[in-house]
Amino acid sequence: MSDSASWQPSAPIANLLKRAAIVGQIRRFFSDRGLLEVETPAMSQATVTDIHLVPFQTCFIGPGAAGGMPLYLMTSPEYHMKRLLAAGSGPLFQLCRSFRNEEAGRYHNPEFTMLEWYRPHYDMYRLMNEVDDLLQQILDCDSAETLSYQQVFTRHVGIDPLSADKAQLYDAAVKWDLGEAASVEDDRDTLLQLLFAMVVEPNIGHDKPAFVYHFPASQAALAEISTEDHRVADRFEAYFKGIELANGFCELTDAREQRQRFEQDNRKRVAMKLSEQPIDENLLAALAQGMPECSGVALGVDRLVMLALKADRLSDVIAFAVERA
């Protein structure tokens, strides 16, 4: 397909037909298990505080907002879905568009399809089993292997990620020819993520999916800290064929602790000369009201379809990638 034919779809129609069938499979998977399908807003007055996520921002001008109401396109439906959980929805799932003002390329598009679901009274391990069931059904792959973050990082990078200081992480980055990228980072977690992405991820999940669990507590985000080891969080990620597919948590339900994490993120943002982000007070109010103990996971549907079709890049399975949108 020539670049001059930019009106045409990025993906072959045959792939879009197969994609539609896979999305139908996903819906049946959850409806057969009794989960409620929901739709939540694509925009919000609040957004994520995570220093590694960049949301799109717009402004609503209308009744009651003549001066302009800042709105953010959602990077995931998580906050609204948790409000539904607190309101008594029970187990629920959603297939929706999410938006991140970041990369575009082989595995990224600023607008993408997210599958997210939440299971009240599931722990992290039980939810990992359900993710594994879904991957086996859609990808016709073997059951996943499970590895702790500490185990897989130590094996491939050569140092313990839970005890290494910034200097040791920088030295490891130099050893792996990542010194230039590491030299501009002053945040320990960013160095950990650099080493994990560049050294660990390429070496796991080749023949079958790999679940990595118990990420460092400093990367807990919205996850509970493990009761087994306070150095780690009850968080997991799923990888296959060198691609990150899913990110799941045993969800934090303590509103006070969640506020502290949001505020800590914003302090980091200020230190990095990034803009502070508005905290989602509605989410915190829902947590304070009482969200059931649960686990939840977000999965990239475009990447899942790409793997199912053995496609080379996301644009092979998206009707119109960003360069043709």
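The backbone N, Cα and C atoms fix where each Cβ goes, glycine too.
Computed from a predicted structure; not experimentally measured.
When Y118, Y125, Y149 are compared with the substrate site residues S76, P77, E78, E251 in Swiss-Prot, the one appearing in that site is Y118.
Other C-beta atoms found within 10 angstroms of the C-beta of N109 (ATP binding site) number 25, with every protein chain shown included. For the binding-site residues P77, E78, Y118, E251, a Cα to Cα distance of within 10 angstroms from R100 (ATP binding site) holds for none. Here the Cα atom of E244 (ATP binding site) is found 16 Å from that of S76 (substrate binding site).
When secondary structure is read from DSSP and collapsed to three states, P77 (substrate binding site) falls in the coil class. Looking only at the binding-site residues N101, E102, N109, L245, G300, the one with its C-alpha closest to E78 (substrate binding site) is G300.
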